[in-house]
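Chemist: Structure incoming, see below.
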Amino acid sequence: MGSGTSTQHHFAFQNAERAFKAAALIQRWYRRYVARLEMRRRCTWSIFQSIEYAGQQDQVKLHDFFSYLMDHFIPSSHNDRDFLTRIFTEDRFAQDSEMKKCSDYESIEVPDSYTGPRLSFPLLPDHATALVEAFRLKQQLHARYVLNLLYETKKHLVQLPNINRVSTCYSEEITVCGDLHGQLDDLIFIFYKNGLPSPERSYVFNGDFVDRGKDSVEILMILFAFMLVYPKEFHLNRGNHEDHMVNLRYGFTKEVMNKYKVHGKEILRTLQDVFCWLPLATLIDEKVLILHGGVSDITDLELLDKIERSKIVSTMRCKTRQKSEKQMEEKRRANQKSSAQGPIPWFLPESRSLPSSPLRLGSYKAQKTSRSSSIPCSGSLDGRELSRQVRSSVELELERCRQQAGLLVTGEKEEPSRSASEADSEAGELRKPTQEEWRQVVDILWSDPMAQEGCKANTIRGGGCYFGPDVTQQLLQKYNMQFLIRSHECKPEGYEFCHNRKVLTIFSASNYYEVGSNRGAYVKLGPALTPHIVQYQANKVTHTLTMRQRISRVEESALRALREKLFAHSSDLLSEFKKHDADKVGLITLSDWAAAVESVLHLGLPWRMLRPQLVNSSADNMLEYKSWLKNLAKEQLSRENIQSSLLETLYRNRSNLETIFRIIDSDHSGFISLDEFRQTWKLFSSHMNIDITDDCICDLARSIDFNKDGHIDINEFLEAFRLVEKSCPEGDASECPQATNAKDSGCSSPGAH
């Protein structure tokens with residue numbers, strides 16, 4: 001008996017030991033599996049973020065380029081000054097005129113066939129709820145109601161301070177939501193899960209309502225409607241995408257014009273004014289600061305509270321180059337003597353030609369001719385006559401135009417015929433934000449937190465700063481606050497704490513990069529101000545996918561975008577690969593491949609980890625780079641029936657070209673008029689120190705107008721660019737037939753191809 005019992009215990013112990021080892025082995029395998037998935041997820045995330053931030057850098061550089069052209073362009077007529085004012089300056093007079101025009105929304109008829117939601121003011125809760133339901137059913141709000149709602153929204157916003165103060169004493173809880181970026185499903189899901197706004201349920205939406213998603217208009221209408229219904233319980237902060245210059249690139253401008261073709265221009269101009277009246281921050285119980293981006297080491301809440309926020313129409317520029325008339329005159333004379341000796345910003349090459357990126361104009365060159373041959377309609381003036389007019393003119397209308405074009409500063413000598421009160425009134429209206437005020441706003445809208453101490457420029461985004469835990473702690477102590485809530489960054493889980501839990505990032509657009517890429521989140525605060533975070537994914541497809549399927553789907557999308565990026569820089573990559581191929585055998589090591597790719601793309605990605613997904617493995621760890629580039633081209637050409645070199649150029653420049661098109665199309669008509677083209681080309685030719693006749697510019701415009709309807713649309717604009725690239729495959733104007741002809745004829749035309 002004893003022996004049998006002992007044997008049974010021995011076998012039981014062996015079985016238990018074997019089971020324990022098996023469990024440990026399975027656990028080790030599973031942990032490795034999860035670790036590999038996590039590594040893939042992080043690499044995928046890095047790809048999406050790097051490409052997104054690279055696009056933001058391009059936008060900033062492109063706008064800096066146009067701003068530089070404006071600063072060094074000498075207007076030769078009233079038309080040129082007005083054109084600059086329309087495109088580049090913050091035209092308060094035009095906006096006020098447009099608002100008066102929009103107040104006449106009653107003149108817009110709503111047809112009997114219209115089946116969408118109807119609004120009457122003052123709005124009631126049922127109106128706002130009906131809007132949510134109508135947009136859920138894919139109905140569209142009529143332009144009359146859109147303009148009416150925007151007009152009422154502006155009337156409400158102008159009464160609000162720069163920093164809203166709200167309290168948890170008057171509601172059970174306050175819900176803070178982050179970026180929505182035009183994703184209506186997320187907003188509807190938040191209201192479904194958390195409840196519609198009410199006196200007991202307050203909301204703060206922390207900016208970036210628009211761009212990228214397809215339902216930005218609908219989101220704005222819902223948010224504005226609830227803000228009018230519950231002005232004390234529903235609050236909005238401005239984000240960096242509530243900016244008409246940013247909207248030109250990221251889709252909102254295009255969305256409005258597609259949905260409201262007749263009244264789209266009025267809606268966009270009104271929205272531009274509404275955006276600049278949005279509050280900059282919200283303070284809960286004087287303890288929790290909510291702003292879109294972050295803070296910096298110079299953030300001053302007292303100064304932010306006093307800024308005339310409506311003057312900062314766009315954070316992409318600061319029109320505070322306050323120079324005296326004498327300084328402006330000296331600048332004009334210097335430019336007239338030799339524009340080639342003028343200062344060249346960091347984003348332009350040493351030669352005075354336009355850079356190959358973001359814009360290549362190929363061979364649009366012409367023989368230098370006199371400005372006196374301008375067409376009569378331009379009313380051209382030489383530089384000396386313009387200077388004389390700037391010095392001597394005392395007419396109010398001319399002064400206003402010069403103010404808007406940035407040629408004078410407020411506070412100069414007033415005309416004798418005007419009273420001091422009138423002058424002060426006009427000065428207040430035309431006052432531009434100072435550099436300090438502008439930077440305060442840029443920092444709170446564009447900045448990101450970092451783990452290191454200190455504060456440094458945000459070179460990744462191209463605007464704002466990176467702020468460390470010490471900067472956060474300093475601000476919280478200065479104003480006796482507990483923590484800071486910000487948005488601005490997509491997070492895998494929809495939220496993230498940092499800086500010892502003193503900074504909370506909330507991002508409410510789920511599936512932002514791709515279905516399954518990230519969760520959305522919002523945070524609820526009660527009287528104790530303890531953050532309660534709720535996560536979600538609005539897309540039902542994600543609930544049916546396993547973790548591996550979800551990561552694989554997102555990874556595939558990210559790698560596809562990365563291959564497009566690599567293909568767009570094929571020529572640059574080939575040149576860089578050749579530097580590592582000293583023996584000219586067409587082979588480089590995989591380590592050299594990774595170094596070369598990073599030196600060209602500057603994305604900061606873990607290329608060695610991504611290599612297996614991008615490069616076929618080889619036994620000797622060598623890569624035949626020409627065949628690899630050829631395979632990249634085949635992958636893209638399978639989707640596009642365009643020559644490889646031309647497709648590469650379009651992939652690299654399309655976003656910038658579309659943005660340039662919308663900048664030139666200052667009236668948002670969807671077309672560039674011949675006059676807009678002429679004036680813009682004079683801007684370029686002035687920068688490149690090329691005198692070109694207006695007749696030649698008009699011939700060029702007509703040649704781009706392929707269908708001869710008197711306007712240039714986006715397809716014609718891109719096609720002209722493609723043809724120029726086709727005739728100049730290496731971007732060398734000297735090898736282009738057009739450049740040769742230009743020397744003889746004084747103008748060039750893509751239509752000749």
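Cβ coordinates come from backbone N, Cα and C, glycine included.
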Chemist: Which of N240, N247, N258, N458 does Swiss-Prot put in the same Mn(2+) 2 site as D208, H292, H488?
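Modeler: Swiss-Prot lists D208, H292, H488 binding Mn(2+) 2, and from N240, N247, N258, N458 it also lists N240.
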Chemist: Can you tell me how many other Cβ atoms are located within 10 Å of the Cβ belonging to H488 (Mn(2+) 2 binding site)?
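Modeler: Summing over all protein chains shown, H488 (Mn(2+) 2 binding site) has 27 other Cβ atoms within 10 Å.
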Chemist: Could you give me three numbers for the domain 'IQ' (21-46), the DSSP helix, strand and coil residue counts?
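Modeler: Helix, strand and coil residues of the domain 'IQ' (21-46) number 26 helix, 0 strand, 0 coil.
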Chemist: If you measure from the Cα of E676 (Ca(2+) 1 binding site), which of the binding-site residues D179, H181, N240, H292 is the nearest?
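Modeler: Checked the binding-site residues D179, H181, N240, H292; minimum Cα distance to E676 (Ca(2+) 1 binding site) goes to N240.
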Chemist: Please report the DSSP secondary structure of D179 (Mn(2+) 1 binding site), reduced to three states.
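Modeler: The three-state answer is strand.
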Chemist: Looking only at Cβ atoms, how many others are within 10 Å of the one on H292 (Mn(2+) 2 binding site)?
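Modeler: The Cβ of H292 (Mn(2+) 2 binding site) has 26 Cβ neighbours within 10 Å.
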Chemist: Does DSSP give E676 (Ca(2+) 1 binding site) helix, strand or coil?
Modeler: helix
Chemist: Within 10 Å of each Cβ, count the other Cβ atoms, then let me know which of the binding-site residues D179, D208, E676 comes out lowest.
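Modeler: Ranked by other Cβ atoms within 10 Å, the binding-site residues D179, D208, E676 bottom out at E676.
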Chemist: What is the nearest of the binding-site residues N240, H292, H488 to D179 (Mn(2+) 1 binding site), using the Cα of each?
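Modeler: Nearest listed residue in space: H488.
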Chemist: Taking the center of the Cβ atoms of D208, N240, H292, H488 at the recorded Mn(2+) 2 site, which other residues in this chain have a Cβ no more than 8 Å from that point?
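Modeler: For the Mn(2+) 2 site the neighbour list reads D179, N206, G207, G239, H241, G293, L445, W446, S487.
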